[in-house]
Each structure stands twice: as structure tokens, then as C-alpha cells.
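Chemist: Pasting in a structure now, in C-alpha cells, and then I'll have a few things to ask.
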């Protein structure tokens, strides 16, 4: 009786979830129950047969085959195939848009340069601006709270001490390894800085311009979604960092003034699953794979669609990162290789005004 009641309760709970949430739950990473002292946890196998794989779509197209039902190629004069969904206008998928060299370049910059102040990260609230995080990871350093000479100051200052002999000093409650900080890095902002507490762009925050070459890339890739004779203006970017069990719940990107302009979203690192819903959370989302080097554009009506990332694939058979890690083979790049082997980075670039 208890088992029947439990099953009925679970079914009732599932029926109360939105279509988007049910799909998130379906594809989310779960681990099978284990016996005590059993070290290895097996992942619960998920049916992925209904997930759109644009890598296969592209191969079929290049071989003269047809696109799957509901998917079509856009005839826009772009230099590479661009695919859309018939029932999601304003959404564009550009598979394999970046070369391996370009992927490695933007992974490197996302970890070494983009988190540098004055760009803000999720660590700012706790530790303030952190300079040289990736170099500190390479050197095995520890961030420690510095003693303040100003007894009236309530602000806390954290630094990476010079010299390895200082790296382990200080109260352990007020210190954290650089490698842990890197793994806990969740976002950084480029260009105009986004204020997550107020959910708007704050022009009063100090900021640098988005790097010129990233701007050029965004302008080039945004072309299929832009109105005729208009050019995309990259003004802000949010870089998201995903660890092995991270996900991004269903949401809207609705803080920019003109939704006719696309968000240019660049995927780097481990393969992920992307859900593209409708204008209501009750609309069933389309599931698709995102691989390193893929670019997604969302403009117009697609800006009103809920979307999210319920899962990234970090196991060796499904991560699809061997072509990247092989490029990070020299000693200086070992930290890059170790990080991206089980992580995903997403750079999404926006025109704010």
C-alpha cells in the first residue's frame, strides 16, 4: 500500500509541474542509488532519442540528405549552414561555427582574461575583485584575508600572498585555494556590467570594452538574425561557467531594450543539452545538443521563449572535448586541459540599447 501511495503522490507532483519543468527533470543528471561504501555511482541512463543533434543534421545536409521534420536551412547568404525550427521563429543554430583554434582561444581568454577586474564575477560579493585568479591556480596559491591597518574599516580585503611560503598562512576560515575559486566561478561580465541583484545594466560600474576580436566575431555571427542593412552592436557579454553537475533553469533574457536584436551565444567545452521552450512554461520545449564551437542566435519572437540548460555531459564517451584537450598538451596549458575536460563555458553577447 505504501508503495502504491508513494507512486500516486509522485505522479500527482509531476502533473503539477509545468511542461518545461517536466522536461528539465527528464534530462537532468541523476545518479543511481548505491550501496554503503560503494565508491562508484552509476548515472541513470536517459533516453536521448528525441534530442535534436545538429551535428548529424549538418552531416546529412552536406551529404545531400533531408533535414528532420520541423527543421529547415535558412537561405540568408551566410557563409555556412544555418538551421531554424518552423515553430520557433527568431531562433538560429549555426553548428560548428568556430574552428578548434578559435575554440581554444576563447576558452583561454574566458579563464585567464575575462574574470580580471574591473570585470565583475560571482566572487565579488564575498571576496571583492580578484586579480590573477588563473595564474594563482597554476601556482597553487591560496586566497587569504589580509590584515587591515584601518581599524574603522568594515571592508574585507583578500589577496594571493607573494611567494609559496606565504600561500598557506592565515586563518583557514578566511582562506580558500585558487583552484576551488576557479571551480566555483559561475559568471563574469564584459562590457557594460550587469547588476544581478537589480537585474539591469549599471553604467556606473567601472568596465572595459568587449575585446575587439570578440566584437568582430559577434557581428559576423549575428548577421543571419539581423534586419537588413543593420549591424549588430556588441555592448555587453555574460560569460557562464558550468561544472559537472551544474544546470541553468528555464528563464528569459529580457533586460535589453530592443528584442529584435539577437543574443549571440557561443558554446565552448563539454557538450550540453539545451531546451528551447515557448512563451509559456507550459509549452513543451525542444531539446537539442550544444557542442563546443556551436553558436545560437535568439532574436525577435525567440527572445520571448523560455530556455535553459538542464545538463552538461562530462563523461569521456559523451563530453566531445578530446579535440580541444589535445590542443592543451603543453605543461603551461595543463590547468586549461584539466578544467575544460569536465566543464562548459558559454559566452553570450548582447546589444543593450
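Note that the numbers count up from 1, one per residue, in the order the chain is shown.
Backbone N, Cα and C define each Cβ position, glycine as well.
So TrEMBL has the following annotated:
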BINDING   251, 253, 307  Fe cation binding site
DOMAIN    233-353  domain 'Fe2OG dioxygenase'
Chemist: Around the Cβ of residue 307 (Fe cation binding site), how many other Cβ atoms lie within 10 Å? Please give the count over every shown protein chain.
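Modeler: Neighbour count, Cβ to Cβ under the 10 Å cut-off: 25.
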Chemist: Write out the long-range same-chain contacts of residue 251 (Fe cation binding site), meaning residues 6 or more apart in sequence whose Cβ is under 8 Å from its Cβ.
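Modeler: Long-range Cβ contacts: 306, 307, 308.
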Chemist: In the same chain, which residues outside the set 251, 253, 307 have their CB within 8 A of the centroid of the CB atoms that define the Fe cation site?
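Modeler: Neighbours found: 250, 252, 254, 305, 306, 308.
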Chemist: Have a look around residue 253 (Fe cation binding site) and count the other CB atoms within 10 A of its CB, chains all included.
Modeler: 16
Chemist: Suppose you look only at the domain 'Fe2OG dioxygenase' (233-353); what would the mean pLDDT be?
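Modeler: Result for the domain 'Fe2OG dioxygenase' (233-353): average pLDDT 96.
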Chemist: Count the residues of the domain 'Fe2OG dioxygenase' (233-353) that DSSP assigns to helix (H, G, I), to strand (E, B) and to coil, and report the three numbers in that order.
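Modeler: Summed over the domain 'Fe2OG dioxygenase' (233-353), the classes give 19 helix, 45 strand, 57 coil.
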